[in-house]
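**Q** Pulled from TrEMBL, these are the listed features:
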- 1-22: signal peptide (SIGNAL)
- 36-219: domain 'VWFD' (DOMAIN)
- 242-432: domain 'VWFD' (DOMAIN)
- 655-857: domain 'VWFD' (DOMAIN)
- 1009-1193: domain 'VWFD' (DOMAIN)
- 1341-1410: domain 'VWFC' (DOMAIN)
- 1521-1615: domain 'CTCK' (DOMAIN)
- C1542-C1591: disulfide bond (DISULFID)
- C1553-C1607: disulfide bond (DISULFID)
- C1557-C1609: disulfide bond (DISULFID)
Amino acid sequence: MGAKAMTVSIWILSLSISCALGIEITRGRARDHSNTICSTWGNEYIKTFDGDVYQFPGTCVYNLASDCHESYLEFSVHMRRTNEGGHPTIKELVIMIKEEVIILTPKLAIVNEELVSTPYYGSGILVERNEIYTKLYTKLGLTLMWNGEDAVMMHSSLFLTGDPLSPIEFGNLQKVHQPNEECEDTVEEETMAACTQYRDKCEEMLTARSWSDCSRRLNLESYIHTCMLDMCSCTAPKKEDCICSTLSEFSRQCSHAGGKPDDWRTDTLCLTRQDCAKGHFSVLGELGPCGTQELDTCLKTVVLLLNKDLSSRSQRAAWGTLTPVLVIKANGKVFLHNTEIQLPHTAGNLHIFRPSSFHIILQTEFGLQIQVQMVPIMQVYLTLDQSYKTQVCGLCGNFNDKHSDDFKTFQGMVEGTASAYANSWKAQASCPDKTDRLDDPCSISMENENYAEHWCSALMKDDFSKCHTVVDPEEYYRRCKYSSCNSEKSEDFLCAAISSYIRACVAKGVQLQGWRSSVCDKHISSCPASQNFSYALRGCQRTCRSLSSGQEGCSVDFVPVDGCSCPQGLYQDEQGTCVPKARCPCLHNGELIKPGKSIKIQDERCTCINGNFHCISENMMSKYCPSSMVYFSCNNAEPGASGIECQKTCQNLNRDCYQVGCKSGCMCPDGLIADGRGNCVHEHQCSCLHDGRHYATGAQIREKCNLCTCKSGTWHCTRNECHRTCTIYGSGHYITFDARRYEFEGDCGYIATQRTELTLADGKYEVKDLGVGKKVTFTVRTIGLYIAIEASNGLDVLWDQKTTVYIILSPQYKGKVCGLCGNYDDNAKNDFTTQGQLQVANPMEFGNSWKIQSSCPDVLNDTNPCVINHHWHNRAKLHCSIIKGKTFKDCHQKVDFTPYYDACVHDSCSCDSGGDCQCFCTAVASYAAACNSAGVCVNWRTPDICPMFCDYYNPPDECEWHYQACGSPCFKTCLNPEGICNTTLPNLEGCFPKCPPEAPIYDEHKKICHCNGWGDPHYTTFDGVYYSYQGNCSYVLVEEITPKFDNFGVYIDNVHCDIRDQVSCPRSIIVTFDTLVVELRNTETGGRVKLQVLVNKHVVSLPFAKYGMKIYSSKMYIFVEIPEIKAVISFSGIAFTIDLPYHIFGNNTQGQCGTCTNNQADDCMLPGGQLINDCAVMADYWPVKDPNKVDCVSPSLVPTNRPPSPTVPAITPCVPDSLCSLLKSRHIPVDNFFQACVFDGCHVQNSSIECSSLQTYASMCASVGICIDWRSLTHGKCPSNCSPNMVYKPCGPAEQPSCALSSFGSVEKEGTPMISEGCFCPEGSMLFSPNSEVCVKKCGCLDPHGVPREFDEKFEHNCQDCVCSRDTYGVQCSPRECPANTDLTCTGLGFIMVNETSLEDPCCHQLICIPKGVCVHNDAEYMPGGKVPVNECQVCTCTENVDLKTKLNVISCIPIPCNYTCEPPGETWSPPDNKCALHGCMKIKDSFISTLANIACPPFHEANCQPGTIETTPDGCCKTCIKKQKDCKLTTVNSYITYRGCQSTEKIAIMYCEGTCGTFSKYSSEAANMEHKCSCCQEAKTHNVSIVLSCPGGKSLPYTYIQTDQCDCVTTSCEPLRSVESQALPNKKSRRSVPRP
């Protein structure tokens, strides 16, 4: 599974955004809200749409608003008030929308006479209800909001107008007559007094600082007037109590007008909520060690504290040393007022019982329920009544439906990590702070991880699938694995995690019977013999004690639990055995009375029957009820003896403390408290804590868009509504506006649109005006890595041009959005609301509901890539550990790294290279961005980890670009010279310009038009249109439409590169400028590369820099730079790129590369300006006149526009080992490159042509800072072919440093430095010169052999003394001086004078007398092997042997019978043992001389003979045979072996293979093609032979050579002669002769 590339579409609308990237925003507000709002509130006040406020006390049914159509009614809103106890309230609202009738009461919603539940959606009507408001939305544009009591606010653009009337007259005219009701008109009464005595008070309250943002937005006078009337008519003792409705309306109207009222309610004015610090109970939990590991902790104790009353405590213990009313221990013991009790137990408003052996439940009468799970480990679940919303705090959050502020500390700040948050809620000051665990406990032991994965994965399987759509198991699965790996009691902890998922399911109404059959089954068999195990126990504890206390049944509502309990009809006795009622004892004053026994109770005889007493007297005694005590003391200890456990500190002001016992330690004296830093201070001197840092009183910090001030140990923050961000990154990771995280890897479009469509894809954006709705202005600019869209309607979008998107919305859209980013209502729990307005639990069900096209398949399951690619898992964790390591240590306290680390591992496993690709970089960058937003800037990138090459963007002599981890999005540009920007955008990472003081403004127009082409060939135009074209001519790539520069153009010469003339390859790129014509030519064909550069038709060496043009090589690419126009062109032989500055060439290019207008619609332009749909057709019309290609002319007919070609389906490689598959998993969009690669591989015989697509794709990655070592992934199929002394690098400077460039000091660059793959010198060395491949560590000279020499280094060359000169940067040589030769004579026979190299100095010669290697006899010299006439009775021969004394060759003689006659002369004979020796006799003058001759046999090799044909020649000396029927045979040659001036002493018989084999080329009718067979004659078996060579001066040299033993024909591949084959085919000009990929 690969991480997908992202295509993002954002829609900017008239007043809103409709499902932009899964965001839907309903119709927003107009600027002048007074014309769209009608409201009523409080003391029967009504504000009209025109802003007039009047009072109308009618109690009939009145038309609050309706439209003005005469023929039909679009809508109407009717209202009925009631007045109970002097408090006017609205009893009922009736809304009619066309044929739909909606009736709203404070508790019910009725649609078309049917009771409906909320939220309700149907017929274009949406009804929602929360704890405060009932809201109604309609498609007509009517919005209504009712607080369920006195206030209704209605928003509509349609309203009634008429002649001025009095309020009473006007109100009576709006009465709606009911058929069964008579309601009298309201009578005008005497006008009330002006109430002017209250004006100052009302004006003071309505102009207070809390209303500073409202006074200028609303008509203040109207609300002052209603305030005065409220106070006039008020009968309450405190007049201010009667104006709360008006102040609430003023607040609502202010918010609707775009204002931000501060918190105007106070402890003395209209207080509606109670701070958690002033509550009446606290629940504490004690965590302690569970094993030997420090981080292995579990819940030990749960404590309930009641009736907190600070004023009654002594000063020393003033902050809350309270009596723990109820304590539940992990061993199952329960203590009430420090006394152990037996369950069930009832005390006052507390009822404690065991519904099963696994659970204890505490039910209170004040809305709190505590469920404690005891098996397998202690866990606690708290349930609160809805009345506690916003009134609680602590580790369970604040119950305000706002997920984002759950980590709020006691001091009022929201922390970023769990540890910082939890540390702030310690109930024991002496307990040390804990830090977040950075390592994954499962990574410590593979065995533990496998164990956890095996059992915890059960949550994701079928046994639990029934609940998956209701409760997402993902978080429980992760918690299960973590707990299992972290604890020594692995099974207990994983079972606890699984059981917590079961409880969540049961709480949602899903009962999973039998789940323990597959996991955690040991608890089923752990029940006592008399008890049964059950999955869904709903009853209270059945014990004999419950019978005695009258608690046999109960009405407590709780989530069903599992565990052991007595069967129905049986009760548990004191020994834990289940017995019938009749065997139950009774309880009296703590004493157990056996069943059937009678005792006297207050003079009555009572008998224990069925667990209860039955007395004879009718006057039954009251039921036993134990007393309850709340106060706790430290057993008469002196004041303060509780010790440091509960001492008062700045961090625990007014917070509950759970005291285990008295603990000695350092304490502050009376009147002073600990500040947490070892000091004692007064309370008003307390510092505030945030992110582990202390801030003095008065210090201020920024918390998002709010300013927080430290006051006496507590943070006081402004309450501005901040912009919210939805984050989408990596492989489907989402963080909604309300901070809910989930994973959804959908592959469809999830968008709806109204007017303007802005599509972000492939690093570009496209704008389309859809022509509906009001137009919204927006800007698009590049900031660092990101494309930023800033719209005038409160939307900002940041896109990293890959897979990360940040969507930022202003507060005006709160509650008005929907889609994949949630609904922005502060409540993360309802974010998974589908398009059909259903709340679901499963992210896939939620995500699938927001598809645009129903035909797009649903996401069915969330596969784990680390399971699929398990071999990458460990490497992915290793790479991603940077998030948990020291690089980000300063952020760990600010932002929880865990979800980002998990996402990083997940995404890195998706990449085939196991974390090396962009998915890893994106995941780390997402955490860095979160840290940046939290105020921690982390510079995490390095040259080895996700490097960013900002130097690539540096133009010459202008602004220099630098990487910034947290760059400001606001800097001075030509479009924004003052540098005033949108303040909602965060700091961003990327490449930022750093302009010098003399030129402080950046010119944002300096962008690049980039085009590339590769393969056979494929093009991507300047504006990103991809097409393929197989023309066989020279074509215009780029020319200016309106010429600005002399003779500028770039051209391509394509040639057919396959035997069928259907596929083309680039042969040359030609660049013209001014008087220069530069041709970059590939002199090879068929995918092979050998580059040559011609300037004005002359071959030149590189680098070349003349006439305003610069040409250089990276050993793989050749670059042409034209500094005057800032143009850069490159060519590798199979791929090319063209980069032109947009501010020079924008909107002024034409040719096959397109128009460079930032608009793809006009890329396919013909000469003359006509636009067509198909760029491959367009390419035909741009040939260059070439006298060598007379057929290359432009088509005579101009094509007509036709619909675009249908989308080409994905294609597959022709061979299974195709290199193209390497492109499928990469993170930057690869579709075009993959299709091109497959096409090339299928149509070009040389498979290396596939390398061009990989090479071009990798170069694009390098241009955006992603360096891919792609050649190593091809396993040698795309070799770098670097020389041995150089190394291949996938990314490096195209113009490499060399001694020649630095010899004359620092030279300023004339062009933009390019990043390219290439062959580079090893680390620590550089090229000696740009046109060489010699790498040197120190600069100096090159000797004539190309060996680098350092300055002043002396060496010898060709017997000359040379030195590397610093002065000339060259080598200076002089002849070697040799000693003079002494006089030497050499006149003896057999010797010769020679001039020989001196052994002492090979550069000098000397005269020496050496033997000739001959024999001397009778003043005559004889050559070795020759006959030496000594006498007639001997046969003497000159041998090769040398006499060591005389240095002459030795003469060897053989005596023969000496006859003085020889008859007949000329006859020969051979001895029996040597048939090759021929003896004879010859007569010379009068003497007879015996002769001896030896027969020399030709070379004979039995391996070359046919079996059974070997014979001996008639003379008996040699062998012969019939040769095998093949020409490949073993042949012998006798020759001397010479090596390094030394030579073998005799000729050596060297065997070799010679001849031809069965090679043929013939036509095959079966194959319908030529059939080839190629084989060669070569050695089949060899062995080594060692000899000794003789050297001058009597020296010797060991030498080993290879001797051939056997030859054979070996089959080889046949390489067709393309040129010959192509000549046999008809010449044809082919364009688009194969389908485009």
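Including glycine, each Cβ sits where the backbone N, Cα and C put it.
Any TrEMBL annotation is an automated prediction that lacks curation.
I would like each feature placed in context: is it buried or exposed, what are its neighbours, and how far apart are things?
**A** For the domain 'VWFC' (1341-1410), the DSSP counts in helix, strand and coil order read 0 helix, 32 strand, 38 coil.
For C1553 (disulfide bond), the count of additional Cβ atoms within 10 Å of its Cβ stands at 18 [all protein chains shown].
For C1557 (disulfide bond), the Cβ neighbour count at a 10 Å cut-off comes to 19, with all displayed protein chains included.
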**Q** Relative to the domain 'CTCK' (1521-1615), which of 36-219, 242-432, 655-857, 1009-1193, 1341-1410 accounts for the most Cβ pairs at distances under 8 Å?
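**A** That would be 1341-1410.
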**Q** Identify, in sequence order, the residues in the chain of C1607 (disulfide bond) that are 6 or more apart from it along the sequence and have a CB within less than 8 Å of its CB; answer 'none' if there are none.
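**A** Counting only residues 6 or more apart in sequence, the Cβ neighbours of C1607 (disulfide bond) under 8 Å are A1503, C1528, K1529, L1530, C1553, E1554, G1555, C1577, Q1578, E1579, A1580.
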**Q** Do you know offhand how many angstrom separate C1557 (disulfide bond) and C1542 (disulfide bond) by C-alpha?
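**A** Checking the Cα atoms of C1557 (disulfide bond) and C1542 (disulfide bond) gives a distance of 37 Å.
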**Q** Quick check on the domain 'CTCK' (1521-1615): DSSP residue counts for helix, strand, coil, in that order please.
**A** 3 helix, 63 strand, 29 coil
**Q** How does the model score the domain 'VWFD' (655-857) in terms of mean pLDDT?
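**A** The average pLDDT of the model in the domain 'VWFD' (655-857) works out to 81.
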**Q** How long is the line from the C-alpha of C1542 (disulfide bond) to the C-alpha of C1609 (disulfide bond), rounded to the nearest angstrom?
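**A** Here the two Cα atoms lie 35 Å apart.
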**Q** For each of the disulfide-bonded residues (C1542, C1591, C1609), count the other CB atoms lying within 10 A of its CB, then report the residue with the highest count.
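**A** Most Cβ neighbours within 10 Å: C1609.
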**Q** Between C1591 (disulfide bond) and C1609 (disulfide bond), what is the CA-CA distance rounded to a whole number of Å?
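**A** The separation of the Cα atoms works out to 39 Å.
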